[in-house]
Amino acid sequence: MADLLPEHPEFLWNNPEPKKSYDVVIVGGGGHGLATAYYLAKNHGITNVAVLEKGWLAGGNMARNTTIIRSNYLWDESAGIYEKSLKLWEELPEELEYDFLFSQRGVLNLAHTLGDVRESIRRVEANKFNGVDAEWLTPEQVKEVCPIINTGDNIRYPVMGATYQPRAGIAKHDHVAWAFARKANEMGVDIIQNCEVTGFLKDGEKVTGVKTTRGTILAGKVALAGAGHSSVLAELAGFELPIQSHPLQALVSELFEPVHPTVVMSNHIHVYVSQAHKGELVMGAGIDSYNGYGQRGAFHVIEEQMAAAVELFPIFARAHVLRTWGGIVDTTMDASPIISKTPIQNLYVNCGWGTGGFKGTPGAGYTLAHTIAHDEPHKLNAPFALERFETGHLIDEHGAAAVAH
């Protein structure tokens, strides 16, 4: 009977019982955890791996992000890992043998003040220096790329230009998770859902396994990829992470015919908008200012987001909001991720991505897998070590996202 059914996500991977031990246990079954498992198997031949997810596969931030993919970051370190990630995105549909609707429709980052203009042009030149495709567009050119933007001078924050990355775009987030899960499963990785980590087994300052709601699992190495709950996991392991967790809201509209050809982001007024493949408008804004782990936020953030969006896109004035939701973003003091070894031997961490987690999915998995396999960081994630908060070698990317950190 199963052979007669159409392909469905629940049939793309097995749901085994946990084994007593694994070479590597990855905590967190979202995009980063699944990508790490895939690259451990593909690049390093390590297949005795378990991915533990406390709920359903990719049901956390992977299911709640706004799917934007880009690499136009200012600093060399950020450009390096995000550009590597974008190049991996371009290869993955064929490599994973799964169409996750990767659409390179370009991303516009709007400038509304002279300060924005200067900073944007600086970022374009830095991108070019790092081999990242980037252009500076005048308001007239912005209108050509996205005709529905209001580029008039009669709005609060007139559009004075924009940076443009043509290779950037969006992808279907749940399909991305399914693609990684299926391929990792084919290589021998165990994907274990409804298995929450409640503690760690240690021999002195060395991790030897995890305690879970489905029993104790021994492990040669353990990697934390739990996004917003990373600080909770680190505390269970006996060390602290310099991150804070905030709610981040997003929303979608009802379905429309294709009207929005690209992705538009505005750091100044904190709104970003794209149109999904089915036709709904997908919007995000700034984080809620309070700390918390609730996957919901305050209504005033949505109100301010709507006001900004309607001013930039008058055509949206009569659109109806279909639903809103929230995710949990883990932010560092320099708005850059942590992909690193930890004070606990054989315990590794990937966290602090803030609002950039989805776009960094392949790059995070690629570099974390290397770090686990060799017990040394890849050159791309070496700058994102935990020790940078002691040495002061920070990578300040607060201006890189269209949200308030």
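Counting begins at 1 with the first residue displayed.
Positions of Cβ are set from backbone N, Cα and C atoms, glycine also.
What Swiss-Prot lists as FAD binding site is G31, H32, E53, N61, M62, T66, I68, V197, G354, G357, K359. For G31 (FAD binding site), other Cβ atoms within 10 Å of its Cβ number 29.
As annotated by Swiss-Prot, tele-8alpha-FMN histidine applies to H173. In the three-state DSSP scheme, H173 (tele-8alpha-FMN histidine) falls into the helix class.
Around the Cβ of H173 (tele-8alpha-FMN histidine), 22 further Cβ atoms fall within 10 Å across all displayed protein chains. Comment: FAD site residues G31, H32, E53, N61, M62, T66, I68, V197, G354, G357, K359; largest CA to CA distance 30 Å, whole number.
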